[in-house]
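Chemist: Take a look at what TrEMBL says about it:
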DOMAIN    10-176  domain 'Glucose-6-phosphate dehydrogenase NAD-binding'
BINDING   ARG47, ASP83, PHE84, LYS137  NADP(+) binding site
BINDING   HIS167, LYS171, GLU205, ASP224, LYS329, LYS334  substrate binding site
DOMAIN    178-478  domain 'Glucose-6-phosphate dehydrogenase C-terminal'
ACT_SITE  HIS229  active site, proton acceptor
Amino acid sequence: MKAIGPCDLVLFGVKGDLARRKLLPALYQLDKAGLLDKDSRIIGVARGDAEPIEDTLDTFLKEPVDKAVLARFKARLAHVSLDFSDMNAYAAIGEVVNHDTPEVYYFATPPSLYGDICQGLSGASLIRDNSRVIMEKPIGQDLASSRVINDKVDAHFNERQIYRIDHYLGKETVQNLLALRFANALFAGNWDYSCIDHVQITVAEEVGIEGRWSYFDKAGQMRDMVQNHLLQVLTLIAMEPPVSLDADAIRDEKLKVLRALRPITSANVNDVTVRGQYSSGFLRGKAVPGYAEEEGAITNSHTETFVALRVDIDNWRWSGVPFYLRTGKRMPAKCTEVVVSFKALPHNIFAKSQKQLAANKLIIRLQPQEGVELLMLNKVPGLESNMRLQSTKLDLSFFETFKEERIADAYERLLLEAMVGNQALFVRRDEIEAAWTWVDSIMEAWDQSGDGPKSYQAGSWGPVASIALITRDGRSWEE
Ligand SMILES: NC(=O)C1=CN([C@@H]2O[C@H](COP(=O)(O)OP(=O)(O)OC[C@H]3O[C@@H](n4cnc5c(N)ncnc54)[C@H](OP(=O)(O)O)[C@@H]3O)[C@@H](O)[C@H]2O)C=CC1
Ligand SMILES: O=C1O[C@H](COP(=O)(O)O)[C@@H](O)[C@H](O)[C@H]1O
């Protein structure tokens, strides 16, 4: 990683869940790695006084705090107490920032406040040509509301200054999808309808909604996970080779995939989508409540906590190759993976001993136990005249292979890239809008169908209907 020049990172919502759990620990790690300039500062903005950084790091850092790093880190911190809706109060930020260095504003707040914050900053003359803004997802509830929020931000910052976060793009293994596809000749010629039967993308979470009912019940798993993280992973798997690693070269190709997604409407929604909501159950032997019994819950919520989809991409490369997506909360295990299943060979010369040849599969484990596996058939050693074949695994564990390297958290990478000024790992406005256009159509079809989500027990792999969704096509989910 390259070092960066000095900047002021102004963190709106510094006392919130995301800032405490992810952003402050990530900034500490960047400082520890010597990647923050000695003059860079971190200015937290929130209502009321600052919280002691020691408490936050003790709670959320996944390793003991290093005293020397902590002392250096603390010296960078400043706090401004401010209500974001008070337009006259923003001058207080101007008194703290260093006017000789660029500012990176991080909006770790509900998106409904982004417009106010921009207006406040602008009113206090705190937006300059070299200022940048990082915005959290999900931006809006649908295409129309995302446009309203983006317009408000665009009124003060141009697209080159805007960094829309999708933290999946900062994960090492998600970035590795580019390396896997575009640095290895092995896959370059095989990556299309002629060799691939189908692709599965699973993002299973063990957690429930973690006290975030008021946010989650308005969002649901479709807006919280599919509209952003799953579609971003899908674009990286499906896109054409970009001409370079430049931000727009990559984003142009991702956009083409989003625009080629076959619309899901009332006509096909029941065939290609399943939504579910968890009821009480057991996870790792412990009883857990259902969605309707979570803290802050209202009864009769129709919000989905599970989604399974069959997605078709209407372009040359992926003609006839379905992508099966599923994501849910309170699944039996945390597991994010992509499975690429290759087609059967045209003729089986081993038919005497092996009626059917198991498909080759490329399994890309995004988290946890990050790595890549290739399932292929090999001969079982032995003197029998009929060869026995067995599906065997080439298993590359990142942990084992890159023992010396620490796997950085996604937010470390993304904060660094925003400070450096590289937008490649951030989402452009047209991508967000293409994703919303596709998702809106599904949500509308769900609303029109009058059905609610199907129930599934916490600790299971989702409603039975999600199994039917894929078995109808003669395939099954990877477990
Ligand atoms: N938490 C997570 O895991 C993830 C969050 N995100 C996104 O990150 C953003 C922040 O989420 P999260 O941290 O969970 O939310 P929180 O509600 O925990 O934090 C938001 C912070 O904003 C502050 N705030 C709200 N209104 C005002 C105001 N008028 N003036 C001053 N401060 C205000 C709140 O302060 P107060 O307590 O005083 O109200 C709170 O500290 C959201 O956009 C979310 O979608 C994205 C991915 C994951
Ligand atoms: O953005 C979000 O992501 C998390 C899952 O992230 P991961 O890095 O742990 O896979 C999800 O739990 C949360 O609801 C959502 O807002």
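Quick reminder: no glycine exception, Cβ is built from N, Cα and C everywhere.
How buried are these features, and what lies next to them?
Modeler: According to its DSSP assignment, LYS137 (NADP(+) binding site) is coil. For LYS137 (NADP(+) binding site), the same-chain residues 6+ apart in sequence whose C-beta sits under 8 angstroms from its C-beta are ARG164, ILE165, ASP166, ASN228, VAL427.
Packing around LYS334 (substrate binding site) is summarised by its Cβ count: 12 other Cβ atoms lie within 10 angstroms of its Cβ, all protein chains included.
In three-state terms derived from DSSP, HIS229 (active site, proton acceptor) belongs to a helical segment.
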Chemist: When the Cβ positions of the binding-site residues PHE84, GLU205, ASP224 are compared with the atoms of ligand 1, which fall under 6 Å?
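Modeler: Within range of ligand 1: PHE84.
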Chemist: Would you mind listing, in sequence order, the residues at least six apart from PHE84 (NADP(+) binding site) in the same chain with a Cβ closer than 8 Å to its Cβ?
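Modeler: Those within reach of PHE84 (NADP(+) binding site), by Cβ under 8 Å and sequence separation of 6 or more, are PHE12, VAL45, THR109, LEU113, ASP116, ILE117, GLY120.
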Chemist: When you measure from each Cβ to the nearest atom of ligand 2, which of the binding-site residues PHE84, LYS171, ASP224, LYS329, LYS334 fall under 6 angstroms?
Modeler: ASP224
Chemist: Sorry to bug you, but what's the C-alpha spacing from HIS229 (active site, proton acceptor) to HIS167 (substrate binding site), rounded to the closest Å?
Modeler: 8
Chemist: Indicate whether LYS334 (substrate binding site) is helix, strand or coil by DSSP.
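Modeler: LYS334 (substrate binding site) sits in coil per DSSP, no helix or strand.
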